[in-house]
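Notes for the one structure printed next.
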Amino acid sequence: MNAPGYKTGYISIVGRPNVGKSTLLNHLIKQKISITSRKAQTTRHRIHGILTDAQSQFIFVDTPGFQTRHRSQLNQVMNRVVLQSMQDVDVVVFVVEAGRFGREDEQVLEQLPRNLPVVLVINKIDLLPDKLQLLPFMQKMADVFEFSAIVPVSALQNRQLSALIEAIRQHLPGNPFLFAEDEITDRSERFLAAELLREKVFRQIGEEVPYSVSVVIEQFTVEGNLRRIHACILVERENQKAIIIGKQGKKLKDMATQARKDMEMLFGSKVYLEVWVKVKSGWADDITALKSLGYE
């Protein structure tokens, strides 16, 4: 498929919630495929993002934030996704926040494989109030684990991302490319549409509701340069449904409009999007329901 000398490998991006894993993936591949918000638990599935340059193909696996605070079946499924992702890859990227390393980070550290190269990414260096804190923090991290490289970055500002790519490239095996050079993800448009809508719910609604929300795409058809999408937002209680719909349907309309614009940008076509809200009590603790919603 490719001439000798090419490198291709899988890279798992792991860390506690809200360290910027999805933002890092989106900026590495220069396209938004993994949803982001300031709330924990935004990413729930493994997302594959693909970066191909002249020499190598990097297949990134963005994972949910590993955490033990919430014990629902959904959270247990997501933690299993994280652990499994570190067994099926060539390199692990462990993301922490500059100047901050707490118990949640330690819990992820304890799960890191000893038989694979682990690159430490210190993200959000732009938010450090005192830049002189960076070197001591890097030394502190070097003392807790034998990382193959430590790379400070600002994913949001695209700083040091090329250095991170080179640190990862050193550990990729010699393999032909697995995906076409213009592919950026192996996830379907149907899946990405659901994720983009769920992101809008996470960003616009208060603290509690998003954790009880899932999105199901009930219809996805392509008609020339038009994608016709019917989506359903699932919640657990009637009062959550009312919150998402908002007064005279305004919140739901705003979320749908923003999601549609993101879909049009990602798919490169016009999108007709219809969204409604349904109550499905207890779905986050129902194994059968979780499987039907695509949770692994």
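First residue shown is number 1, and so on along the chain.
Cβ from N, Cα, C; glycine included.
Checked against Swiss-Prot, the range among 62-65, 70-73, 238-241 recorded as region 'G3' is 62-65.
Range with Swiss-Prot annotation region 'G1', chosen from 15-22, 31-38, 183-190, is 15-22. All protein chains shown were included, and the count of other CB atoms within 10 Å of the CB of ILE125 (GTP binding site) stands at 20. Mean pLDDT, taken over the region 'G2' (41-45), works out to 46 on the 0 to 100 scale.
For the region 'G4' (123-126), same-chain residues at least 6 beyond its ends with a Cβ under 8 Å from one of its own Cβ atoms are 19-20, 24, 95-98, 134, 152-157, 159-160.
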